[in-house]
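Got a structure for you, written out below as structure tokens; questions coming shortly.
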Protein chains: 4
Amino acid sequence: MCPNGKKRKGDEGAEDTTNNDHLVTSDDQNHPANLIPSLCAKFWTLGWVTGTGGGASIRDDDLVYIAPSGVQKELMKASDLYVLALSQQTDLKNRVYLRSPPGGRPSQCTPLFLAAFTKRGAGCCIHTHSHWAVLVTLLLEAQGPGQDKVFEINNIEQIKGFGRGFQKQGNLDYHDTLRIPVIENTSHEEDLTEFLEEAMDKYPDTYAVLVRRHGVYVWGDNVHKAKTMCESLDYLFQLAVEMKQLGLPWLSNVPKVITSSGR
Amino acid sequence: MCPNGKKRKGDEGAEDTTNNDHLVTSDDQNHPANLIPSLCAKFWTLGWVTGTGGGASIRDDDLVYIAPSGVQKELMKASDLYVLALSQQTDLKNRVYLRSPPGGRPSQCTPLFLAAFTKRGAGCCIHTHSHWAVLVTLLLEAQGPGQDKVFEINNIEQIKGFGRGFQKQGNLDYHDTLRIPVIENTSHEEDLTEFLEEAMDKYPDTYAVLVRRHGVYVWGDNVHKAKTMCESLDYLFQLAVEMKQLGLPWLSNVPKVITSSGR
Amino acid sequence: MCPNGKKRKGDEGAEDTTNNDHLVTSDDQNHPANLIPSLCAKFWTLGWVTGTGGGASIRDDDLVYIAPSGVQKELMKASDLYVLALSQQTDLKNRVYLRSPPGGRPSQCTPLFLAAFTKRGAGCCIHTHSHWAVLVTLLLEAQGPGQDKVFEINNIEQIKGFGRGFQKQGNLDYHDTLRIPVIENTSHEEDLTEFLEEAMDKYPDTYAVLVRRHGVYVWGDNVHKAKTMCESLDYLFQLAVEMKQLGLPWLSNVPKVITSSGR
Amino acid sequence: MCPNGKKRKGDEGAEDTTNNDHLVTSDDQNHPANLIPSLCAKFWTLGWVTGTGGGASIRDDDLVYIAPSGVQKELMKASDLYVLALSQQTDLKNRVYLRSPPGGRPSQCTPLFLAAFTKRGAGCCIHTHSHWAVLVTLLLEAQGPGQDKVFEINNIEQIKGFGRGFQKQGNLDYHDTLRIPVIENTSHEEDLTEFLEEAMDKYPDTYAVLVRRHGVYVWGDNVHKAKTMCESLDYLFQLAVEMKQLGLPWLSNVPKVITSSGR
């Protein structure tokens, strides 16, 4: 689907001229360069990317498409996107781009998106500032040190929207406990990367990491999985906040129903 | 309106080839194959079918159209739908389909939809994961065993949006108590069927069944009735949660107003 | 703008045949027959007319256009509307219509809309089931008898969205107290009419009447005023519920600011 | 981009005739006369300009475009706008307009918008009646005199959406405290001007001023900055109200995370 955007030796002059605009030009609405703007516009209506916050990135084989920094997310266009080749990133702190939008600024989320792609083989990573996510991290913080590093909820049907984990088959069960680790926020978003990676190592099966007082990163094998898990998670965060307001606990001991099928 | 999709003997070969795509192909926006996607897109904006959760099915005489599993509900197309003939389902556990979308997975909600069609003659059944529905089941659960099996509310105008019950004329009165039974959730959605049917037997006049920590099933004689009752119910669930937050009881003793008409 | 739809003597036969469809046929998007559907679709997105609840009516001189009963409000079409001539309604309990939609049912709100048109000369009347309105009536009820018959709020800027009252010039001031009377709900919506009229007599300057556990009726000299006052009122109802949740009083004693203009 | 609308001597007669409609006529969707209606329609869906409340103004060099008073904000058209030249306003109480819409009323917000343009060189100013903003001012008021004049929040990522202040480079840090002053409301919106200017003098780096029981004014160097800061601020107001409901403090002492980059 995606044109090969890798640089060929001796080709730099031409690329400087064209800026590889062909990488973000397609009539296919499912092309990553078209999907990112349409997803971001949808996320804006959900309150996930308010005031240029948040972002999204899609990986197609070696090519990575990234929403830029500081753009009104509901107005983003394909021509606003950055594109890079994963295989060309020898120094993750000094990234090289195949395509940069004129006058654009790369997203500080970039190294976090790349972590999901390289450490988990993800095909899409979404970052939201959803205030439900922020409230969940604040509620955990209010529980005090030692109680604030992971969000846990079980016995809610929507939990079944999550895969069992990295390179595992199938989805979580209704009775399973969904665990989303929480990392502390840093002044510079790029500095979150090491902590995100630590959380990935400690919770190898998670598809999301909460950032205290900031938001959440969610990834998946492809756009469909990342987007629907992000939706399911936001649903659970909202539910969790409302449960807290109503004095209902997030973890419960619900017995398995005995059915005639014997399952 | 709907083309007859029943198999004729000796016709299987042709049908395997064409997959009966004509069953989901129509220019009529009120054709079930077009209505299900437009309804699901609307439900997505209401937060009822977040993250591929929930679903909907329409019955037109003997033909049943069903949203597939695992599809982003706001993006669903007519070509994603399953179609089956009610009269051909001799074994409800091993259903045969007139039309299956390429690469699709049948919805686990299917036997629950079929229960509404066969036991109640419903023309449409909707399943939502509305978090208001989930919160109502959690609030009931918190009241303790014996207090958690039915949601009851009375003296709210919106109650008049519900029919009096199966094969009965007219709608509930403002002063009537609306009762929605609650069944326990199971790991496999299909296993809910026997409990849904039990609840239908115990509450023969209900048009809806809540599923604890999961959502709600709502049906009606036709799309219009199922959809508007589902809306009215979600309104009442939201109201009920807000009433609880404000310390207001769901059941009240409101005297009838004496009017000059003497009614 | 509106064609004259009054019956001429000797014309009844022709009208029975045509059903006066010309009364609801216009290319002008500001024609009442087009405005009612577009308003109702907008109100549906606001949660005001969920599940066929609520409605709206516009008066253009002697002609009254009314949304029918039991229609999905976001799907309503001009051809669904009823039309009557005010001057022809000699018996308000047995109304005669210039135009009735085939298979339609007149709205039970009709006599309430007519009360706003005849007693207040209103040009538009809106009825919503907004749950904020319902919650306000429940919160008043919880204050006990004698404290539950009028909603009062002051010192909120949005109060300036309301006219000073029937045949009065100008709008309420920021410091003024907005008072909306509450009437008790009846089993039959038509029976509300006498109580609505009583409330209009007791509060001659109100542009709205709350109906306990039901919703609100709002009217204005024209569509613009009725719609914007309905919006302002819903804003205030929502604010009032949230203030209650936060322990903030609806009535306050805020001193006037002394400005250099000496106003 | 904008046509020069300054009056030339001897031209008044012609301008009286044409009313300078060319100033609000453009095919460019980024022309201020087109941006204001599209922004206001968007703000309406966010509940910021309910019932004709709120407004927006854009300055392009010397020309100022202003939404009129009393218009349904989601229906506003370019032809509804006022246009004036900043350089022509010798008496701020008696403003002269280059273009006035037929039958329009100038917005009472006008002198407040002009204050942002003249005192801060802003390119855009937005006024909302967001009920989150109103609730924040009410919560501050409930803290008592001396505690009610400024909203403060820190250690939330979205704070980084704000510039450091007038003529300063860069944005606030995550750990910085965002301070938004609160002024008291007056009966006449124009009378707010002197207090808004006082607040600007006292908080020279603020990009927003809350008005007690009324709403908020937000400005920025251009449309992009004003709009995204307004969004970020509304996000923070909503979060602040929800934090209060959950017993979470707005100000906290969160230690800086030590990162491997040593920042």
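In case you wondered, yes, glycine gets a Cβ from its N, Cα and C as well.
Remember, TrEMBL labels are computer predictions, not curated facts.
Feature list, courtesy of TrEMBL:
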| type | residues | note |
| --- | --- | --- |
| ACT_SITE | A:Glu157 | active site, proton donor/acceptor |
| BINDING | A:Cys109 | substrate binding site |
| BINDING | A:His127, A:His129, A:His214 | Zn(2+) binding site |
| DOMAIN | A:34-241 | domain 'Class II aldolase/adducin N-terminal' |
| REGION | A:1-29 | region 'Disordered' |
Chain D proximity: which recorded positions among A:Cys109, A:His127, A:Glu157, A:His214 have CB distances under 8 Å? Answer 'none' if there are none.
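Cβ contacts with D, in sequence order: A:His214.
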Going by DSSP, give the three-state secondary structure for A:His129 (Zn(2+) binding site).
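SS state of A:His129 (Zn(2+) binding site) = coil.
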What whole-number Å value do you get for the CA-CA distance of A:His127 (Zn(2+) binding site) and A:Glu157 (active site, proton donor/acceptor)?
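Computed Cα spacing between A:His127 (Zn(2+) binding site) and A:Glu157 (active site, proton donor/acceptor) is 24 Å.
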Taking the Cβ of each of the recorded positions and counting other Cβ atoms inside 10 Å, which one has the highest number: A:His127, A:His129, A:Glu157?
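The largest 10 Å Cβ neighbour count belongs to A:His127.
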Do you know the mean pLDDT across the domain 'Class II aldolase/adducin N-terminal' (A:34-241)?
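Computed over the domain 'Class II aldolase/adducin N-terminal' (A:34-241), the mean pLDDT is 97 on the 0 to 100 scale.
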Among A:Cys109, A:His214, all listed as binding-site residues, which has the most CB atoms within 10 Å of its CB?
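Compared across A:Cys109, A:His214, the most Cβ atoms within 10 Å surround A:His214.
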In terms of Cβ proximity below 8 Å, which recorded positions out of A:Cys109, A:His127, A:His129, A:Glu157, A:His214 neighbour chain B?
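Cβ contacts with chain B under 8 Å: A:Glu157.
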Give the helix, strand or coil assignment DSSP yields for A:Cys109 (substrate binding site).
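For A:Cys109 (substrate binding site) - judged by DSSP and reduced to three states - the answer is coil.
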Going by Cα-Cα distance, pick out whichever of the binding-site residues A:Cys109, A:His129, A:His214 is nearest to the residue listed as 'active site, proton donor/acceptor'.
A:His129
